[in-house]
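Asks: Take a look at this one; I'll ask things after.
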Amino acid sequence: MFYQVLHSILSLTAVLLNAFTMYLAITKSPKIMRPCSAIITIKTATDILTSIMSFFVMQRIITDGSTILVIPTGPCINFGKTACYVGHMLMLCFLEYNLIWMISSYIFRYYILYVRQPSIKKLVFVAFCLSIPSIIHMVVWFSIYDPNEASTYLPLFGSCDMVLSGKIVYWSAITLITQLFITAFLVIVAYIWIKETLCSYATKMGAIKKDVKNFNKRLVKVINFQVFLPSFIFLGVITFASMFTGKIGYEYAQYAISVIFMFSPIISPFSYILFVPHYKNVITGKVKNPKSKPTKCNPPISTTRSTGAPFVYNI
C-alpha cells in the first residue's frame, strides 16, 4: 500500500510540474523564443506521458537472471495483463524517447548558434520522425506478446493473475533497459560536446558580446543541470543489473527501479524554471518593464541579426 501511495505522489508531482512548465513555454515565451518553447513543450509532454504510464502500471520488477517478472499494482490490473504489458513497455519507451529528445535539443542548440533558428514545423517533424523507430519497436513487441504464456515463479511475488512473465517479457525488458543505458550514455557524450561548443563560442564572441555571453552562460547552466537526469536512468539500470546478477536481493530492489526512474521527469522541469529568465520571473512575480534600459539580463530585441550572433533568448 505504501508503494502505491508513494508512486501516486511521484507521478502526480511529475505531471503537475511538467504541465506547469508546458504552460510557461506556450504562454510566457516571447515570439523570438518560440522554437525553444517548442523544444520544451515536446520534452514536457513526453515526461507527462511517462508519468501517466508509470502511475497506470505502478510496476515492481523482479529478476534472478533466468527470468524477469513484472508485477503491476496500478489501475492497469483492472484491464488485464495485456493492458499492463502495454503500459510497462510504453513507460520505458517514453523514458528512452525523452533521452533521445535531450540529445536532439543539444543538436538544435548547435544549429541555432551556427546556422539559424529552425521553424516549429521542422521541430515537430523531427520529433515525429524520431518517434517512428520506437513506435515500430513497440508494435512488434505488442503483436507477439501472449498474456497466457506460462512461466514458473515464486508465489510470494504476487497474484498469479497479475504477474507478467515469459520469454517475451524477459527479452523485451532486457532490450529496452539496455537501450535506456546506451541512450543515457549518449546523452553524456552529447552533453560534453555541446558544453565544449558553447564554451568555445563564448570565447570567440569577445568583449563586445557581453549580452550574448551572459545568456550563453545561462544556457550552460541549463545543460549542466540536465546532465543529472541520465544519472537516474543509470542508477535504475544498475539496480536492475545488480538484482539480475544476484548482487542484491529483490526485497527492496523490486520497488526501487520504477521509483528511481520517476525522479527524471520530476527534476527535469526545474532546469527551465530556474534558469530561463521569463519563466523564473513568473515564479518570482517580477514584471518586466518594456521601457527600462537594456541590461545584461534584458538585451534589446532587434529585428535584424548580426552574422554569427544567435538570438540570445534561445536557452
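Positions of Cβ are set from backbone N, Cα and C atoms, glycine also.
The following feature annotations were taken from Swiss-Prot:
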type	residues	note
TRANSMEM	6-26	transmembrane segment
TRANSMEM	38-58	transmembrane segment
TRANSMEM	83-103	transmembrane segment
TRANSMEM	124-144	transmembrane segment
TRANSMEM	174-194	transmembrane segment
TRANSMEM	225-245	transmembrane segment
TRANSMEM	256-276	transmembrane segment
Asks: Per the 3+ Cβ pairs under 8 Å rule, pairs at least 6 apart in sequence, do the transmembrane segment (124-144) and the transmembrane segment (83-103) touch?
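Replies: Contact criterion met.
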Asks: Which of 6-26, 174-194, 225-245, 256-276 has the most Cβ pairs closer than 8 Å to the transmembrane segment (83-103)?
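Replies: It is 174-194 that shares the most Cβ pairs under 8 Å with the transmembrane segment (83-103).
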Asks: Can you name the far-off residues of the same chain, 6+ from the ends of the transmembrane segment (225-245), with a Cβ under 8 Å from a Cβ of it?
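Replies: For the transmembrane segment (225-245), the sequence-distant neighbours (Cβ-Cβ under 8 Å, at least 6 residues beyond its ends) are 61-65, 95, 99, 102, 177, 180-181, 183-185, 187-188, 191, 253-254, 256-258, 260-261, 263-264, 267-268, 270-271, 274-275.
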Asks: Go through the chain and flag residues at least 6 beyond the ends of the transmembrane segment (174-194) whose CB is under 8 A from any CB in it; none is fine as an answer.
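Replies: Contacts with the transmembrane segment (174-194): 68, 89, 92-93, 95-96, 99-100, 102-103, 106-107, 109-110, 223, 226-227, 229-230, 233-234, 236-237, 240.
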